[in-house]
Amino acid sequence: MPRATLDAIRELTPAIMPSILSCDFGDMKSEVTRLTDAGAQALHLDVMDGHFVPNLTFGMPMVSGLRRHTDLPLDVHLMISEPLRYAKPMVQAGADVLTFHVEAVEDAAFVAKEFRKLGVGVGVALDSDTKLTDLEPCLDFVDMVLVMSVKAGFGGQSFNPISLEKLRLLRDNHPELLLQIDGGMNTETIVLARDAGCDLFVVGSSIIHSDDYSEAFAELDQAIKSATATRGVKA
Ligand code: DX5
Ligand code: ZN
């Protein structure tokens, strides 16, 4: 079932995936409604363990809580030291796509294959200061690469253009992979990312800190459409 969701996500591209990281955690039901009304077609959930990254967010109870309130695909970004330990509980909680960090594991190909057995879409994330070649051993076993355009751990940071070169190389060499970018997205950086061949755009503060989620969403959507290159996964 979740892998069918992955095919649906592929059809949605290019697509904005709002990150709930900067939402009001005391009112998540309303936040999900606001994001859905604004046009969200999937939600990005940032799980942080205070160990792999110096910040703590939430675990399975938030994922299952959101699952009760929405049918949107849940894209879970695991910024945790032991992704394999929590993979199955995350899928049981309702994750459709599960992304682990290549820096967190010894054998990324093994982890990707184990995630696959759970029936979810599998992503591997690359932090902003990690080199692209570190991904090579696992690329045959993942559906998506998440290229971090900030250092993983916090919302509201500035975009690092090193991500663009990584996206270009991945797009050129792996036309079948879904490419996702995360961090510092705004109406300018999202165009650069689309031009570099990106498919999925994680956006936190540009939407959540705006007065009007719909307006922010529409402006970002318009910016994606204004990109000159459209070298996405479907192109
Ligand atoms: C950062 C998270 C992001 C974060 C992005 O480690 O992975 O998903 O929410 O937030 P903005 O868009 O504010 O950079
Ligand atoms: Zn994220």
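Here the Cβ of each residue, glycine as well, is placed from N, Cα and C on the backbone.
No curator has checked TrEMBL annotations; they are predicted automatically.
Fair warning: this is a prediction, and the values are worked out from it, not measured in the lab.
Annotation comment: TrEMBL describes Ser19, His77, Gly153, Phe154, Gly155, Gly156, Asp182, Gly183, Gly184, Gly204, Ser205 as substrate binding site. Under the heading divalent metal cation binding site, TrEMBL lists His44, Asp46, His77, Asp182. The active site, proton acceptor annotation in TrEMBL covers Asp46. The annotation active site, proton donor is assigned in TrEMBL to Asp182.
TrEMBL feature annotations superimposed on the structure.
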{"residue": "Ser19", "record": "substrate binding site", "CB count, 10 Å": "24"}
{"residue": "His44", "record": "divalent metal cation binding site", "CB count, 10 Å": "26"}
{"residue": "Asp46", "record": "divalent metal cation binding site", "CB count, 10 Å": "24"}
{"residue": "His77", "record": "divalent metal cation binding site", "CB count, 10 Å": "27"}
{"residue": "Gly153", "record": "substrate binding site", "CB count, 10 Å": "18"}
{"residue": "Gly155", "record": "substrate binding site", "CB count, 10 Å": "20"}
{"residue": "Asp182", "record": "substrate binding site", "CB count, 10 Å": "28"}
{"residue": "Gly184", "record": "substrate binding site", "CB count, 10 Å": "26"}
{"residue": "Ser205", "record": "substrate binding site", "CB count, 10 Å": "18"}
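Each residue in Leu21, Ser22, Asp46, Val150, Gln157, Val202 lies on the same chain as Ser19, His77, Gly153, Phe154, Gly155, Gly156, Asp182, Gly183, Gly184, Gly204, Ser205 and has a C-beta within 8 Å of the C-beta centroid of that substrate site, without being one of the site residues.
Within the set of binding-site residues Gly153, Gly155, Gly184, no residue has a CB atom less than 6 Å from any atom of ligand 2. DSSP classifies Ser205 (substrate binding site) as helix under the three-state reduction.
Mapped onto three states, the DSSP output places His77 (divalent metal cation binding site) in strand. Each residue contributes its Cα atom, and for His44 (divalent metal cation binding site) and Ser19 (substrate binding site) those atoms are 5 Å apart. Distance from the CA of Ser19 (substrate binding site) to the CA of Asp46 (divalent metal cation binding site) is 7 Å.
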